[in-house]
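Worksheet for the structure shown next.
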Amino acid sequence: MKCAVLFLSVIALVHIFVVEAEEEPDSDALVPQERACLARGETCKDDCECCDCDNQCYCPFDWFGGKWHPVGCSCAHANQYFCDHKKEKCKKA
């Protein structure tokens, strides 16, 4: 009798793992969705990627004319002059 209970317990345990494995989605199936714009503090490559008019893509160590950024760039606060410049630069075509 004990053997039958043990056997059924093992069958139930195997069934639980099989069902859980079927319910998990593949990591390849999960596609990251791109945001329309980046919030302040997030990593960026261009001013047009940053949300709002008063945010710019700021690179603290902008060496070699913008071709190499050892620390990286992030969206940061800008002034009103930059806001006007960004409107012209980032017009939607």
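Every residue, even glycine, has its Cβ placed from backbone N, Cα and C.
Worth saying up front: this structure is predicted, and the values here are computed from it rather than measured.
Swiss-Prot annotations:
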DISULFID  Cys37-Cys51  disulfide bond
DISULFID  Cys44-Cys57  disulfide bond
DISULFID  Cys50-Cys75  disulfide bond
DISULFID  Cys59-Cys73  disulfide bond
DISULFID  Cys83-Cys90  disulfide bond
SIGNAL    1-21  signal peptide
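In this view, the densest Cβ surroundings among the disulfide-bonded residues Cys44, Cys50, Cys57, Cys83, Cys90 belong to Cys50, judged by other Cβ atoms lying within 10 Å. Set side by side, the disulfide-bonded residues Cys51, Cys73 differ in how many other CB atoms lie within 10 angstroms of their CB, and the most is found at Cys73.
For the disulfide-bonded residues Cys57, Cys59, Cys73, Cys83, a Cα to Cα distance of within 10 angstroms from Cys50 (disulfide bond) holds for Cys57. The two recorded residues Cys44 (disulfide bond) and Cys73 (disulfide bond) have their Cα atoms spaced 6 Å from each other. DSSP assigns Cys50 (disulfide bond) to a strand. Applying an 8 A CB threshold to same-chain residues 6+ apart, the list for Cys37 (disulfide bond) reads Glu49, Cys50, Cys51, Asp52. Considering only the disulfide-bonded residues Cys59, Cys75, the Cβ with the fewest other Cβ atoms within 10 Å is that of Cys59. Here is what falls inside 10 Å of the CA of Cys75 (disulfide bond) among the disulfide-bonded residues Cys59, Cys83, Cys90: Cys59. Cys73 (disulfide bond) sits 6 Å from Cys57 (disulfide bond), taking the Cα positions as reference.
Of the recorded residues, Cys57 (disulfide bond) and Cys83 (disulfide bond) place their C-alpha atoms 12 Å from one another.
A separation of roughly 17 Å, to the nearest angstrom, links the Cα atoms of Cys83 (disulfide bond) and Cys59 (disulfide bond). A distance of 19 Å separates the Cα atom of Cys59 (disulfide bond) from that of Cys90 (disulfide bond).
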